[in-house]
Structures are given as C-alpha cells and as structure tokens.
C-alpha cells in the first residue's frame, strides 16, 4: 500500500527530486521491478471489453501472463533490462494490514454478487477489480513465463520492494521500480513509478531521486522512516489526529517518534491519541534492517528467449495466439541484442562548454577588410 501522503509531501518540500520522462530515456538501464505489484496490476487492468479477466478455454485466468509478456517486451524494446522480484513471506507486523485487505475483498465480493442482479457491466467490473487476489499458482506461472523469455527474477525472502532496493544499492541495477513509496525507506538510489503501466494511459515514468528527497526534507534516514511511520505504513497504525502536515512538523520539531510521543503525553491539551501497545520501534527495524538477499549474492543474467518452449507454454497450455507469441519472441530477441549497447554517459564525462572570453573595453574588434575593386 505504501506511505499515505508521502508523494505530496516530497513534491512540496523536495520538488527537484522528481523527474518525469518517457520510457525510452532509460535505455541501457537495468531495473529491479516489484513483480508482486505487477501481478495485481495486470490482474486488475488486463481485461476483456465486458470487464472480465482474460481466460483460456478451461476458464483459467491468463491476464497476468499477457501483462508480463507484452509489458516486458515493451520495456526491452526501449533498451531496458528488467529483473523481476517476487514477494516472500510477509512480516508478522503486516498481518493486521493483510487482514484488513481480506475483509475489504470479502465485502467487495458481496457487493459484486448483488451487482450481478441489478448493476450495469461497469458496476460489476468495478467490484470485480476490488476482489482480485494473487494465487500461488499465478506467481509460479509468471516465473515460468519469465524463465522462458530469458528474463531474470529473484525470490525475495520477505518484501519485494526491499529486495529491489537492495539490488539498486548494491549496483546490480540502476533503480527499483514500484508503485509503493515505502521503497524509499530502504534507500534505493532511484525509485521509478509507472514503469509497467499500460501504454494507452500515457503516463510518464516518474523517477524519484533518494538523495534529493533527503536534501529537500533536510532529514537523515532514521527521521525519514519515523516520518513515514507517522504518515501511515503497512506495519502499524498511526497516531489519530496526525495528518501529513502535522507529522512533518512533529518530526522536524522533535526528531524522533519517541520524543513525539513524549511531547504528546506531556501536553494535557493535546487531542492526539497514541495507539495502545504501538509497535513503531518494530516497524522502524523492518525498514532499517529488512530481510533481503545481499546484492552480491544475486547473479542477474538476461538470455535469449526459448521460442519453441514459449509457444508450447503460452499457446498449447494457455490458449494464446501462436503468431503473436512468435512475433513477440522475435521482437524480444532482437531488442535484447540491441540493448547490449551501453549508455553514452557510462563512457564519457559530460563537461560544460567553457565560457567565451569576455572582450575587454579597450579591445577593438577587427573589422572585416573591404575588398579592393
């Protein structure tokens, strides 16, 4: 879910941290992508005209496979080398948030069934999107597809966005790509948003520079993490009555959650309520010391797609068009070869042009000589 209100807060205090650009501007970059986020995104967005998910003749959902296949080809076509990272086991602290999500899905499912009786197709589709959940089988199917496409993936021991950030910090990739703003809490040098959004939506890829975020907020990592916990994260609830503006003000004034709590408890006029048995310190530790595979132990290799195996998997097993799968495999193969070209900024240091020498007041410009007739 990310951090509530963080994007707007950074935009206000660190506007220079944002850079919007077309996908092609990341030519030659390796990017670690939150695959678990992609799975939800594809299952929600990749639909038929009637709003139903794509499915094969057996009724098995294939929206996620189509999403991974074509969005990956699109990125590689722009010279980007994607590496996908899948979620592992969720932290114990996240149990409360996951339970809330389950209840929301159950409520949406009830509303969806009611809508089938009285609602329009648009109404039914809206509630169907809210009931989406990713199964273990869909995870495994996506991994199998990526393997056949020659695209590397990593199974994170815990949170996918933390592992993406670790790969970026360790120099294995340029940036972490996720819609979750809490990826910044794991110190990714760069966070890319809208990387896997449908091309039809025409959303620019947003690059967020971690160093510039810290510079604009005038914070170090511990204060930033405490700010994010106050704003609201997946690991614990926050202080009632504290919104983004107040949270920022409190951290700037007191420097840590401990001192914020102390100030609130010592102020009899305060209307803010500290949650009972608030595990903010445990949440902080999850951000400061996430469970990840060290980047040095991750070997990422991009290979040629196995076209025949892809056809067998996508066409014979999942009902896709053979011609489209072969065309996609061909495009992927050509793009991977093109993508081996490096970025020019890896080889050259761009220097500013020297300023033109200022002409002194007493210096006379030489006039062009007149031609003799």
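Glycine is treated like the rest: Cβ placed from N, Cα and C.
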Quiz item: Need a hand: Swiss-Prot gives 180, 182 for Mg(2+) 2, which of 87, 226, 234, 306 is also on that list?
Solution: 234
Quiz item: 34, 209, 312: which one does Swiss-Prot list with 87, 159, 161 for the Mg(2+) 1 site?
Solution: 34
Self-check item: Distance [Cα-Cα, Å, rounded] between residue 180 (Mg(2+) 2 binding site) and residue 161 (Mg(2+) 1 binding site)
Solution: 8
Exercise. Run through the Cβ atoms and count how many others sit within 10 Å of the one on residue 234 (DNA binding site).
Key: 21
Quiz item: residue 34 (Mg(2+) 1 binding site): which of the binding-site residues 71, 182, 232, 234 have a C-alpha within 10 angstroms of it?
Solution: none
Quiz item: About how far apart, in whole Å, are the alpha carbons (Cα) of residue 87 (Mg(2+) 1 binding site) and residue 232 (DNA binding site)?
Solution: 21
